[in-house]
Number of protein chains: 2
Amino acid sequence: MTDSGLALDPTFPQGFRAAAMAAGIKPSGRTDLSCVVSDEACTWAFAGTRSTTAAACVGRNRELYREGRPVRALLVNAGNANAATGARGVRDNADMAGALGSVLNVDADAVLTASTGIIGHPLPMDRVLGGVEHLPEELGTAAGPFAAAIMTTDTRPKLAQATLSTGARIVGTAKGSGMIHPDMATMFAFAFTDARVDASALREAFPAVVACTFNAVTVDGDTSTNDMAVVLANGLAGDVDPGEFLAALEGVMRDLARMIAADGEGATKLLTVRVGGARTEAEALTAARTCCVSPLLKSAVHGNDPNWGRVIMAVGRSGAAVDIERMTVSVQGRPVFAGRPLPYDEAQVSASMRAEEVVFEVNLGVGEAQGEAWGCDLSAEYVSINADYTT
Amino acid sequence: MTDSGLALDPTFPQGFRAAAMAAGIKPSGRTDLSCVVSDEACTWAFAGTRSTTAAACVGRNRELYREGRPVRALLVNAGNANAATGARGVRDNADMAGALGSVLNVDADAVLTASTGIIGHPLPMDRVLGGVEHLPEELGTAAGPFAAAIMTTDTRPKLAQATLSTGARIVGTAKGSGMIHPDMATMFAFAFTDARVDASALREAFPAVVACTFNAVTVDGDTSTNDMAVVLANGLAGDVDPGEFLAALEGVMRDLARMIAADGEGATKLLTVRVGGARTEAEALTAARTCCVSPLLKSAVHGNDPNWGRVIMAVGRSGAAVDIERMTVSVQGRPVFAGRPLPYDEAQVSASMRAEEVVFEVNLGVGEAQGEAWGCDLSAEYVSINADYTT
């Protein structure tokens with residue numbers, strides 16, 4: 001359904017254009033200020049961090065989402081999270097949106113904002129506002145420059161897309177390097193579609209899509225102050241089957257989620273944990289996520305150690321209901337536990353873990369519900385990068 | 001109140017004796033089988049892991065605790081957790097207890113058990129039972145050999161003690177190297193006292209003592225299948241003031257908890273987070289623990305980086321209620337945030353973090369409740385140790 005990776009530099013769905021520039025927010029001089037603008041008003045859906053210290057952009061978008069009016073643009077800066085910056089940060093965030101609205105000649109409340117980067121430093125507003133003034137000059141249909149401009153410590157841009165049977169398209173971008181980010185407020189996911197999607201249906205369905213895609217990625221257990229996922233639908237490609245659309249959106253978001261997990265700092269492989277036989281889907285997902293966040297299991301995966309005792313430990317810690325006598329665990333398709341330890345060739349299973357993706361399958365033995373989560377391995381390089389970051 | 005560290009090799013309170021031997025369970029050949037025996041029947045309290053995949057020893061002790069009869073002995077093996085070992089593991093655990101009861105001539109149900117080490121391997125019962133037969137020959141009053149025999153990857157034994165005004169004593173031991181343990185089921189805490197303590201009062205008070213001591217230590221967020229805390233009181237020193245006793249017990253357990261945190265694999269310093277101004281004590285503790293388990297904050301502490309944005313992030317993630325406009329953060333006594341970023345000398349604060357203990361003080365600005373948690377820094381050495389452990 002999704003054809004991510006086929007087109008390395010896709011264009012946006014019809015009616016969407018993006019611009020990116022280097023406004024001088026990132027010390028590296030890379031592009032750091034970008035926007036996506038829709039010719040038509042968009043229905044949209046939003047999911048923001050559950051952090052109780054959420055940044056100004058999350059708070060403002062959430063408020064706009066409550067009001068429920070259509071939006072026209074999304075303005076993003078990377079390099080500064082504008083989080084924990086007090087009343088000044090709230091004003092700066094509103095001023096960013098107002099400035100772009102003014103240049104585009106749309107209402108400020110039709111402009112969403114997203115900031116990512118260091119926490120606790122005021123935005124350099126002269127550079128932001130100076131950049132915004134010239135951003136519309138750069139508008140074009142390529143998605144690549146936007147995907148690059150929203151990165152912080154990501155090593156590569158993250159793009160995924162899907163085409164529906166009617167020809168309507170979904171293009172998604174995300175940022176987040178999946179592991180610990182020094183000072184970084186971590187994850188954004190933005191999806192754009194020219195399908196015509198009913199606003200209330202989209203709002204209703206979006207939380208479930210986020211739950212089984214982005215919320216199933218876990219890398220260090222830290223929830224950022226700025227995390228958000230947004231989908232904008234401008235309707236230019238006309239009506240689509242709602243079920244087909246949601247499945248395609250979920251596919252795009254799952255691809256992006258796996259890209260985030262695989263691009264962890266110091267990560268050498270993707271960790272996938274599939275849990276079945278659970279009492280509820282929520283418990284299956286919790287058990288899978290707890291495995292993916294476990295430093296013990298992540299270390300074992302890095303060392304190609306088929307250390308299934310750590311899966312037993314992590315599942316037990318998750319609180320999900322388990323019948324340990326009926327519980328099963330397999331590593332790379334090889335059964336290693338079924339109510340009791342099973343004999344297996346450790347060297348052979350270890351060799352099978354020298355792969356781009358390591359998959360654990362777990363059955364909890366108490367029901368029928370399933371869930372899947374993604375993470376990455378934990379390497380010494382990762383800690384070196386982060387522990388050596390200092391003043 | 002506590003005098004931990006003053007006596008490096010304390011003796012047990014009167015009426016308690018311990019034995020330790022190398023039974024061949026640890027490949028290293030170090031002592032790995034030990035017991036503590038009381039001349040008199042003991043009132044006791046127990047707290048076990050909340051893991052849903054708890055080991056056989058935790059399940060059996062919990063069952064005995066429900067029944068509520070006095071106990072006479074505690075049998076511990078290190079090197080093998082006897083967890084995820086199926087019905088055989090349950091039998092082996094009962095047989096261990098039965099064997100010691102038989103040699104001591106006490107009821108098997110008066111013997112508690114504790115196993116720690118690798119998960120998912122059957123106990124070498126010939127060695128365990130062969131050792132138990134000879135254990136009583138080694139019984140003596142020194143606490144040091146017992147504290148050493150319960151270690152796995154700990155770098156040093158952990159002992160703390162207190163003496164009450166009546167002369168009654170409390171001696172506590174713990175194990176747990178506080179960071180990721182390859183295959184290890186992690187934490188034990190055992191306290192022994194000759195104070196006479198009412199059984200039901202002790203049972204009632206113990207969960208709160210554990211909550212603000214051992215449950216306030218967090219190192220990698222992983223809850224082991226075998227964690228347990230036990231206190232045995234044999235009454236030989238007579239009655240004590242219950243309030244004085246509980247305060248002394250809490251002091252001993254807090255000392256042990258801090259020792260566990262400071263002895264993390266690869267850890268170079270203790271991390272202490274004190275949270276005040278919370279709505280409830282539970283929220284204060286959750287916020288403090290979330291800071292201590294954050295890989296981001298732990299990395300910053302390792303790098304002497306006064307990176308208070310990570311405290312804002314971790315507190316926000318914890319879900320504790322916060323008024324960010326009234327929130328304050330200090331690092332090593334230096335205020336860095338008070339509703340907005342405060343100016344400070346980064347080099348000076350960084351220098352102050354080159355210490356054995358780094359303390360963050362946080363006020364959430366919404367109430368009066370307080371809580372404190374302990375952890376340690378995250379170093380590259382720690383990941384190297386664990387990631388390079390392989391088959």
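Here the Cβ of each residue, glycine as well, is placed from N, Cα and C on the backbone.
Copied over from TrEMBL:
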BINDING   A:Thr152, A:Lys175, A:Thr186, A:Glu265, A:Asn386, A:Thr391  substrate binding site
ACT_SITE  A:Thr186  active site, nucleophile
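Shown here: features listed in TrEMBL, placed on the structure.
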residue: A:Thr152; record: substrate binding site; DSSP (3 states): coil
residue: A:Lys175; record: substrate binding site; DSSP (3 states): strand
residue: A:Glu265; record: substrate binding site; DSSP (3 states): coil
**Request:** Take the Cβ of A:Thr152 (substrate binding site) and count every other Cβ within 10 Å, whichever protein chain it belongs to.
**Result:** 24
**Prompt:** Counting Cβ atoms within 10 Å across all protein chains shown, which of the binding-site residues A:Lys175, A:Glu265 comes out on top?
**Reply:** A:Lys175
